[in-house]
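Visitor: Per TrEMBL, the feature region 'Hydrophobic' maps to 1-28. Residues or ranges marked as transmembrane segment in TrEMBL: 6-27. Look at TrEMBL and you will find 34-93 tagged as domain '4Fe-4S'. Positions annotated as [4Fe-4S] cluster 1 binding site by TrEMBL: Cys51, Cys54, Cys59, Cys76. According to TrEMBL, the feature [4Fe-4S] cluster 2 binding site maps to Cys140, Cys144, Cys150, Cys183. What TrEMBL lists as [4Fe-4S] cluster 3 binding site is Cys154, Cys173, Cys176, Cys179. Taken from TrEMBL, the feature domain '4Fe-4S ferredoxin-type' covers 164-193, 206-237, 238-268.
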Amino acid sequence: MDLNNLIAPVLSLGGLGIIFGALLGYASKKFAVEVDPRVPQVRDALPGANCGGCGFAGCDAYADAVVNAGASPSGCPVGGAACASKIAEIMGVTVDTSEPKKAYVKCQGTCNNAKEKYEYYGAMTCVDAANIPGAGSKQCSYGCMGLGSCTQVCLFDAITIEDGIAVIDEEKCTGCGACVDICPKAVIELTPMSKKVRIACNSHDKGISVKNSCAVGCISCGLCARNCPVEAIEMVDNLPVINYDKCVQCGICVKKCPTKAIANLKKDQKVAPKAKPATEVKEAKKTEDK
């Protein structure tokens, strides 16, 4: 075999490789997209959950938006105030590390409290069941369906289904909002952690319609709004809405609510005993006198 016949093709291919390599090297520098060094720095400051709670596709997209699109450094609900402070330091800006929010289920429609229209044996997700006639098996068309679509999207195992409704573990909840977005009944909302007086009903019906559906539903009587000393409660579409900028957490609305549709989540709360009716007091007095 004549090696001279191989030298020419090898040299030709080698030369072409060098030429194309040089061209690619030049093109990579000439047309390179410059990446702001702060983007990877912001990305490293994020927890990396990729939950989408910031409103972007993931942590990479959010980091790019902070640096190049002016997104808020406090946009990551999972990282909280500490993460926001780190990002603000990288960006050389100040940030409002406002109070974190946690998910809250505005429903007490447990198996004992909420009435059922029929027994449901279909698809076991709220999203699917909401599309069937009647929008679910519960008599109340606004309440928690208890089929767990929220549990499926929670990346932090902060939600369980107990006694027919979703229950949030505040210790695990990061406030990412994934459960809020998936709930077909809009029964989950993000609420400031320190605000323990909360509306525990999502129904927009009133009076007898609510009583026929749930034992603890809001009947839209308006007692809470009329008795609030700081006017922090407004009736909107038959349901009380609390303005937490005004609310002083006095708990008067909780005591006035006849159906217990307003909850006070303070762990150390001491509820004053209810006053006995006048007739019971008189009967007790007679018994003591005998």
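Residue numbers in this text run from 1 along the chain shown.
In case you wondered, yes, glycine gets a Cβ from its N, Cα and C as well.
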Visitor: Quick check on the domain '4Fe-4S' (34-93): DSSP residue counts for helix, strand, coil, in that order please.
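Guide: The composition, in the requested order, is 30 helix, 0 strand, 30 coil.
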Visitor: Per the 3+ Cβ pairs under 8 Å rule, pairs at least 6 apart in sequence, do the domain '4Fe-4S ferredoxin-type' (164-193) and the domain '4Fe-4S' (34-93) touch?
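Guide: When sequence-distant Cβ pairs are counted, the domain '4Fe-4S' (34-93) touches the domain '4Fe-4S ferredoxin-type' (164-193), since at least 3 lie under 8 Å.
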Visitor: Determine, for the [4Fe-4S] cluster 1 site, the additional residues of the same chain whose CB lies within 8 Å of the mean position of the CB atoms of Cys51, Cys54, Cys59, Cys76; present them in sequence order.
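Guide: Other same-chain residues near the [4Fe-4S] cluster 1 site: Leu46, Pro47, Ala49, Asn50, Gly52, Gly53, Phe56, Gly58, Tyr62, Gly75, Pro77, Val78, Gly79, Cys176.
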Visitor: In Å, rounded, how far does the Cα of Cys51 ([4Fe-4S] cluster 1 binding site) sit from the Cα of Cys176 ([4Fe-4S] cluster 3 binding site)?
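Guide: About 7 Å separate the Cα atoms of these two residues.
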Visitor: Looking only at C-alpha atoms, tell me how far Cys54 ([4Fe-4S] cluster 1 binding site) is from Cys183 ([4Fe-4S] cluster 2 binding site), rounded to the nearest Å.
Guide: 18
Visitor: How many Å separate the Cα atoms of Cys183 ([4Fe-4S] cluster 2 binding site) and Cys59 ([4Fe-4S] cluster 1 binding site)?
Guide: 23
Visitor: For the recorded [4Fe-4S] cluster 3 site formed by Cys154, Cys173, Cys176, Cys179, which further same-chain residues have Cβ atoms within 8 Å of the site's Cβ center?
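Guide: So the additional residues around the site are Cys51, Ala103, Cys150, Val153, Leu155, Phe156, Ala158, Ile159, Ile168, Thr174, Gly175, Gly177, Ala178, Val180.
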Visitor: Of Cys140, Cys144, Cys154, Cys173, which is closest to Cys76 ([4Fe-4S] cluster 1 binding site) if I measure between C-alpha atoms? They're all binding-site residues.
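Guide: Of all the candidates listed, Cys173 is nearest in space.
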Visitor: Across all chains shown, how many C-beta atoms besides its own are within 10 angstroms of the C-beta of Cys140 ([4Fe-4S] cluster 2 binding site)?
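Guide: There are 25 of them.
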Visitor: Take the C-alpha atoms of Cys173 ([4Fe-4S] cluster 3 binding site) and Cys59 ([4Fe-4S] cluster 1 binding site) and report the distance between them in angstrom, rounded.
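Guide: Cα to Cα, Cys173 ([4Fe-4S] cluster 3 binding site) and Cys59 ([4Fe-4S] cluster 1 binding site) are separated by 18 Å.
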Visitor: Counting other Cβ atoms within 10 Å of each Cβ, which of the binding-site residues Cys51, Cys54, Cys144, Cys150, Cys154 scores lowest?
Guide: Cys51
Visitor: Near Cys179 ([4Fe-4S] cluster 3 binding site), how many other Cβ atoms are within 10 Å of its Cβ?
Guide: 25
